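*Asks:* Supplied in structure tokens, the structure appears directly below.
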């Protein structure tokens, strides 16, 4: 079971490396990693389990965050008031194949399980993306995402390329955006 002690923190080399693409079929260890990352997200969003194991709630976890430099990330985005899951899957070799011109940022900024400090500022990303990825069974998917799920997937894909969320924040004007960009509450 992945816990917070397995998640490496900002400053570790793996977080700044380009992760290696996977080949199919995945090994048993690679498949297990994908399942374990998703289980972490499920556990982190369950208040009882999260309290028992001292887990920080997360909506995404990339393999580099557990010190494995592979292009794999699990994403679990709950809907409003936890009614319906907006997006749930483990992404293998994900690629954004198209995106909107319009940007979007979360009103309260972004956080990361690998970054313990609060970094204020808007992280402007694409509001809509078309994503191509493989699941753990090697099945290819092509999906369109918008708003929060799109932002979460872009955050996780950044991890696979050695980029952390605060790399996108304007140092001089952390809360600056283009007029046409959206703020997502």
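We number each residue from 1, going along the chain as drawn.
Glycine residues also receive a Cβ, built from the backbone N, Cα and C atoms like all the rest.
The Fe cation binding site annotation in TrEMBL covers 112, 155, 159. The feature active site is assigned by TrEMBL to 156.
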*Asks:* Note down the number of other Cβ atoms within 10 Å of the Cβ of residue 112 (Fe cation binding site), including every protein chain shown.
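*Replies:* Neighbour count, Cβ to Cβ under the 10 Å cut-off: 25.
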*Asks:* For residue 159 (Fe cation binding site), what residues in its own chain, 6 or more apart in sequence, show a Cβ-Cβ distance under 8 Å?
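*Replies:* Correct list: 15, 19, 62, 64, 65, 73, 114.
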*Asks:* If one looks at the chain holding residue 155 (Fe cation binding site), which residues at least 6 apart in sequence have a CB under 8 angstroms from its CB?
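*Replies:* Long-range Cβ contacts: 60, 110, 112, 123, 125, 165.
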*Asks:* When you measure from the Cβ of residue 156 (active site), which residues in the chain that are at least 6 apart have a Cβ under 8 Å away?
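*Replies:* Looking at Cβ-Cβ distances below 8 Å from residue 156 (active site), excluding near sequence neighbours, one finds 60, 61, 62, 73, 75, 91, 94.
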*Asks:* Specify all same-chain residues, apart from the site residues 112, 155, 159, whose Cβ lies within 8 angstroms of the center of the Cβ atoms of the Fe cation site, ordered by sequence.
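*Replies:* Going along the sequence, the neighbours appear as 60, 62, 65, 110, 113, 114, 156, 158, 164, 165.
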